[in-house]
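According to TrEMBL, the domain 'Cytochrome oxidase subunit I profile' annotation covers A:11-524. Per TrEMBL, transmembrane segment is recorded for A:31-50, A:70-91, A:112-133, A:153-181, A:193-220, A:240-264, A:310-334, A:386-406, A:418-440, A:460-485, A:557-576, A:582-600 (among others).
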Amino acid sequence: MSSVAIGNKKGFGATLWDYLTTVDHKKLGNMYFFAGLLFFAIAGFEALLMRIQLMVPNNDFVSAGLFNELLTMHGTTMLFLAATPLLFGFMNWIVPLQIGARDVAFPFLNSLGFWLFFLGAVFLHLSFFMGGAPDAGWTSYASLSLYSPGHGIDFYVLGLQISGAGTLISGINFVVTIITMRAPGMTFMRMPLFTWTTLIVGALITFAFPPLTVALFFMLVDRMFGANFFDHTMGGNTIIYEHLFWIFGHPEVYILILPAFGLFSEIIPVFARKRLFGYSSMVFATILIGFLGFMVWAHHMFATGLGPTANAIFAVATMAIAVPTGMKVFNWILTIWGGSIKVTVPMIYALGFIPSFVAGGVTGVMQAVAPLDYQLHDSYFIVAHFHYVIVGGVVLGIFGATHFYWPIMTNRVLNEKLGFLTFWTFFIGFHLTFFIQHFLGLMGMPRRVFTYQGDQGWDLFNFISSIGALLMGLGVIFLVVNMLLSIKSKPLNTSDYWGDGRSLEWALKTPVPFYNFKQTPLIRGYDPYWIEKHEGNKEGMTYAEPVGDIHMPNGSILPLIMSIGMFIAAFGSLYHPDGVSWSVPVIILGIGITVACMIIRSFKDDLGFTVTKEEIIATEESLYGKGGNK
Amino acid sequence: MMKGLKKWRLFSLLAVMTVFLSACGEEYISTLRPAGAVGKEQFNLLLFSITIMALVVVVVSVLYIYAFFKFRRSRQGEDYMPKQVEGSHTLEVIWTVIPIVLLLILAVPTLISTYKLGDVAAMEHVDEDGNKTALTVDVTAKLYWWEFAYPDLGIVTAQELVVPTGEKVYFNLKAADVKHSFWIPSVGGKMDTNVENINKFYLVFDEESEGLKDGVFYGKCAELCGPSHALMDFKVKTLAPEAFDAWVASMQATEGQIASKDSTDLGEATFAASCLGCHAVSSVTGMPAGAAMGPNLTTFGDRSHIAGFLEFNKENLVSWIKDPEEYKPGNLMTGAYKVGNNNPDELSDEEISALADYIMSLSVEK
């Protein structure tokens with residue numbers, strides 16, 4: 001369906017319909033990217049409001065209740081609805097290109113995953129306008145969340161349940177795609193690091209999200225029907241909730257950081273003009289981090305009172321994670337060692353990432369020292385630590401990769417001067433905000449406080465921290481301006497924009513046609529494009545097949561309708577505890593819509609469509625002029 | 001030679017860290033100025049781990065900065081083609097083994113300390129007469145206030161914990177409504193107060209709090225527990241053992257003390273009519289730990305703060321009684337009584353003023 005009209009200007013309605021029904025991994029990548037950016041902006045704004053409130057002691061800029069809503073929504077949104085979809089945007093865009101596939105293994109599910117995530121996220125955010133947002137922290141510990149009045153927690157539970165299902169679907173999809181759809185010759189040990197980290201993250205999602213689903217489901221039925229899973233007065237247990245949450249929650253940290261590691265492992269070799277040092281140990285370290293990530297959840301609960309033996313075991317297991325992470329850092333440094341470093345915008349993000357992440361990593365090891373963690377836990381020290389990891393690792397990774405992959409994704413380039421300005425503003429702001437928070441924590445300031453009394457020795461540092469936060473906000477604005485400006489700039493129509501591309505995606509000429517590679521490439525080693533380039537192959541790649549018909553999946557509106565069904569059902573569940581008469585019919589209606597879509601999908605034969613050789617040649621000529629992608 | 005040099009480096013780094021860190025924070029709240037054995041042990045672990053971590057950061061930074069400046073393309077030439085190295089087994093082994101060794105070094109004191117701080121067996125020790133040898137405090141955390149009961153002494157107080165210096169004080173920690181966390185930063189690390197089980201740990205208080213600003217150590221709730229989580233502060237008064245025994249005796253002497261409705265003092269009569277249902281004025285209540293509806297006010301006049309965080313003066317107390325919601329949103333005292341000057345069942349300005357005088361007069365130390 002999208003085979004026609006490539007390159008021709010389409011009306012707004014047609015474009016909208018195209019995006020609502022698309023199953024194309026690149027378009028879904030765009031949608032993930034922009035949805036992620038939207039929620040990143042919202043959550044960043046919430047953070048700014050909090051930092052303004054904490055700028056001076058005894059401030060009344062926001063009320064206590066609103067502050068708790070802000071801190072809950074900031075954490076929830078940043079982790080589930082900003083960082084995850086932004087990374088999914090890159091995974092969707094880049095992984096199929098890196099492995100030479102035409103799309104993901106299940107394009108329909110890919111679309112369903114996006115819409116579930118997006119509508120779940122919208123549902124969660126509606127809470128702001130419908131009686132108050134969740135206010136029990138992103139962890140939403142059971143005793144407080146059961147106690148919390150209003151519908152805030154119901155929004156949290158239902159919204160995350162829906163968007164979590166979307167994330168789980170996407171995670172499984174990536175695993176299947178990477179295992180089954182690699183181009184001929186691309187063995188596992190020839191896969192680029194970003195593809196490797198996506199594979200491991202897919203596996204982590206597959207195992208980590210079910211415990212969250214269980215925890216949220218228990219919470220849902222507790223609040224809807226008084227099921228008493230967590231109500232201790234009725235024999236329930238809130239510690240179980242903490243375990244379930246962190247069995248998910250700790251791998252979630254690696255779900256976010258591993259793709260960022262992958263992105264940096266793509267950026268650094270390109271701008272060091274040197275092969276990634278210790279590829280196989282990088283792969284091994286990724287797998288090991290993923291595995292150990294499941295073994296350490298209780299280090300979030302050292303103060304819960306699990307007893308010395310449990311604390312000791314989880315302390316040592318946590319320290320062990322530092323070893324593979326250290327391997328990665330040294331491998332990155334040895335990659336630039338002896339290379340030829342060109343400081344571009346993506347590279348400066350990578351160079352800024354290394355010391356920032358190391359700083360975040362070592363404070364993590366300090367918190368693994370359980371008795372020391374009794375002091376650090378739930379203080380501003382931990383706030384500083386996880387922002388060093390998440391901002392210094394994940395966000396710098398996302399920003400760097402945005403500049404790095406912008407030429408492939410949009411066929412435009414982001415302004416370099418503005419890019420450096422963004423980096424320095426954001427980077428200085430980031431360290432200003434969070435470095436000093438380590439000391440606030442050590443000086444006794446608990447986290448998640450909406451205000452503090454003056455003269456406890458915290459006033460100056462809080463003020464500095466807030467100034468830093470404003471700088472970070474400014475940096476993000478620069479980035480968005482840069483993106484908007486680039487849309488108006490001249491198309492690149494080139495391949496290998498950075499000149500030293502190594503992996504398969506750089507062999508493609510932009511704009512990337514909807515079927516990706518005209519002919520499936522043949523992979524002759526690690527860094528396949530680099531190999532071909534340096535053997536003087538003018539074609540870009542060696543191909544595994546002649547130009548022939550290409551089989552592509554059809555778009556479908558069903559994923560959107562299915563997700564809307566869940567969205568409707570969620571409203572029924574939300575108001576069910578209020579005893580309204582329409583709640584059960586609405587639940588049945590919503591789930592009915594979803595099930596009906598599933599039935600339609602199951603009984604309708606959809607074999608996709610074929611792009612003929614002639615159409616391919618015509619498309620290539622309309623994109624790149626006579627001669628096509630050569 | 002090499003070994004000596006390394007040791008010297010380690011010690012100088014340690015010294016710098018100590019000076020730098022101990023300059024930070026206020027004595028009554030900072031973990032960097034520990035005033036008890038537990039806090040000191042944790043502070044030493046902080047110094048130890050921070051030193052190892054600083055070494056790691058220094059090594060990584062040196063390698064990284066050197067590589068960055070040495071191998072810039074501007075120095076290497078635009079066309080320079082670096083050798084495409086695959087990796088090095090030797091280096092991989094080195095940077096796997098060295099971190100493992102460092103972590104093992106860190107793990108040993110971690111494990112020792114974890115077990116040491118988790119050892120509460122002495123809580124149950126008894127002398128020949130069957131009396132407990134150690135002091136135990138039952139801490140109950142409630143929405144935005146703290147109850148401290150001394151089960152073996154038969155007394156209870158709230159908001160201001162009073163403990164003797166120089167001995168291990170054991171704590172039974174529990175929450176009555178939602179999860180909180182008990183933390184006295186300058187004395188030692190925190191432990192959660194769970195809703196379904198009692199957590200036990202101990203702290204040691206080395207210094208008397210008398211000389212501190214406000215004369216108390218600051219305690220905090222460290223687990224998000226609702227809108228007023230940030231205000232759920234408590235204070236800790238540490239006394240020399242003799243002074244503590246005297247305090248206990250005067251607390252025990254308040255047995256039977258009660259506010260009378262028929263009192264000629266308007267404050268006491270008002271208290272008896274409107275407040276006594278939740279707030280006891282005797283330290284010997286006979287109630288199980290955590291059963292009280294509101295903080296025990298027997299020692300109110302001895303406290304350094306109102307509601308745990310407001311400056312101690314009558315004006316604040318009057319404002320607090322008039323509208324607690326204004327100061328601690330979500331607290332459970334709001335709505336338990338009516339304020340106004342029209343109906344007889346409302347607390348008038350005059351009554352509240354008298355009430356404040358009465359409450360501030362409650363004391364065992366004066």
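In case you wondered, yes, glycine gets a Cβ from its N, Cα and C as well.
Within the same chain, residues 261, 264-265, 268, 276-278, 281-282, 284-286, 288-289, 292-293, 295-299, 302, 350, 354, 357-358, 361, 364-365, 367-370 sit at least 6 positions outside the transmembrane segment (A:310-334) and bring their C-beta atoms closer than 8 Å to a C-beta of that stretch.
In this chain, the transmembrane segment (A:31-50) touches the transmembrane segment (A:460-485); three or more CB pairs sit within less than 8 A of each other, excluding pairs fewer than 6 residues apart. Long-range neighbours of the transmembrane segment (A:582-600) within the same chain, counting only residues 6 or more positions beyond its ends whose Cβ lies under 8 Å from a Cβ of the stretch, are 558, 561-562, 564-573, 575-576. Predicted-model confidence for the domain 'Cytochrome oxidase subunit I profile' (A:11-524) is 95, expressed as mean pLDDT.
The transmembrane segment (A:153-181) makes no contact with the transmembrane segment (A:240-264): fewer than 3 of their CB pairs lie within 8 A, with pairs spaced 6 or more apart in sequence.
For the transmembrane segment (A:240-264), the residues of the chain that approach it from at least six positions outside its boundaries are 79, 83-84, 87, 90-91, 139-142, 192-198, 200-201, 204-205, 207-209, 211-212, 214-215, 218-219, 229-230, 286, 289-290, 293-294, 296-301, 304, 328, 332, 350, 353, 386, 389-390, 393-394, 396-398, 400-401, 404, judged by C-beta separation under 8 angstroms. Sequence-distant contacts of the transmembrane segment (A:557-576) (same chain, at least 6 residues past either end, Cβ-Cβ under 8 Å): 20-21, 23, 108-109, 111-112, 114-116, 118-120, 122-123, 151, 154-155, 158-159, 161-162, 165-166, 220, 224, 582-598, 600-601.
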